[in-house]
Amino acid sequence: MKFVDEAKIRVEAGDGGSGCVSFRREKYVPRGGPDGGDGGDGGDVYLLADENLNTLIDFRFERFHRAERGENGRGSDCTGKRGQDLVLSVPVGTRAVDEDTDEVVGDLTQHGQKLMVAKGGFHGLGNTRFKSSTNRAPRQKTLGTPGEIRSLRLELMLLADVGLLGMPNAGKSTFIRSVSKAKPKVADYPFTTLVPNLGVVNPEPGRSFVIADIPGLIEGAADGAGLGIRFLKHLERCRVLLHLIDIEPFDGADPVENATAIIAELEKYSPALASKPRWLVFNKTDLVLEEELQEKMDSIIEAIGWEGEVHCISAYNREGTDELAKQILYFLDTLPKDSDEEEGEQKVEFKWDSYHKSSMEESVVVEEDFDDDDDDDWDDDDDYDVEVIYER
Ligand SMILES: Nc1nc2c(ncn2[C@@H]2O[C@H](COP(=O)(O)OP(=O)(O)OP(=O)(O)O)[C@@H](O)[C@H]2O)c(=O)[nH]1
Ligand SMILES: [Mg+2]
């Protein structure tokens, strides 16, 4: 089963700054030569893989991203400043696809990997560059070339960070509805959920994780009862499991038996999965009187011999759910990352240099109405047919 998070964005690299036409004008320096500086290159747009991000949710809210334009050149041989690059952080595993051509721009597979997605325009040349023995007062300059504009589709194969475990009807789907935008079906009968659902939880701006809701387990699941354990494999790559316990099952079942059954099935299925960090979450606390709640929880915890973390929520009323989501986020931060050993920035080759060559060819302009207040005729042969061979 594929879970893909997707976002469409538009990236615009900065335009190159234009060259300048200017002449040195100074007392006691007659016939000062050309001194128009070059423009600066436009900034590029990069994607940077960041393992601290899990989803593309932020890109849904902010779609347009633009790098800085290069400054124009100025007189006195001043070169314009290069435009600043724009670096967009994306989760590791993101693939960038060009929306217009469906070409894969690149995959970001490792933390720190950097991919150029739009190249900044090249700078224009100032008139100093056109100086020659036959044309000592050139009035030519070139404009900067436009930065590349690209519509991108970012795709991310989602891996759930958090998996939900529990009996049918424990309220797993209700919980995922309360903390994310996912809307799996909720109903008061067992096995409402037949296929896993993923939800993106966004407890703090710019930070999020993915939670997976799988069909409920029952006793004997490891041997095929109910929907069996075939969905447990979806939890294998989760980093935390939440075991939801219905504190007041409406069919009168004993929460202790339910909880032990789940733990037993989990251990039977895979000791590795059973040894993952796991939190106990009591749900439907609204059905129990407040003064009895603690006592009830304590007795269940004692009966199953639980020593790990415990939380209580009412998924239906959204009580304690946001708090729990935040705690999960902080806990995920403390876990070691897969890629801790292999860090380092990697640049990926950029393929579209030819794009700029073509736009460069059209961009030589001549500044005809340049206000040259020096009326001497020391070099007035308007020699405009200067050949420009643009090289970086
Ligand atoms: N009173 C109360 N009812 C809840 C709460 N959370 C869930 N329920 C109800 O419990 C029933 C089952 O909820 P689901 O979210 O479908 O349970 P599930 O664990 O996803 O069940 P399966 O998909 O069948 O495994 C629904 O009728 C919910 O309205 C809660 O906090 N309080
Ligand atoms: Mg469900």
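From the backbone N, Cα and C atoms, a Cβ is placed for every residue, glycine too.
Caution: TrEMBL annotation is automatic and unverified by curators.
Per TrEMBL, the listed range annotated as region 'Disordered' is 363-384 (candidates: 33-54, 55-76, 363-384). Mean pLDDT of the predicted structure over the domain 'OBG-type G' (160-333): 84. Sequence-distant contacts of LYS284 (GTP binding site), defined by Cβ-Cβ distance under 8 angstroms and a gap of at least six in the same chain, are GLY171, ASP246, ILE247, GLU248, SER314, ALA315, TYR316. Taking the C-alpha positions, the distance from GLY166 (GTP binding site) to SER173 (Mg(2+) binding site) comes to 11 Å. With a cut-off of under 6 Å between the Cβ and any atom of ligand 2, the binding-site residues GLY166, LYS172, SER314 reduce to LYS172. Considering only the binding-site residues THR192, THR193, the Cβ with the fewest other Cβ atoms within 10 Å is that of THR192. Reduced to three states, the DSSP call for SER314 (GTP binding site) is strand. Comparing C-alpha positions, THR193 (Mg(2+) binding site) sits nearest to PRO215 among the binding-site residues ASN169, LYS172, PRO215.
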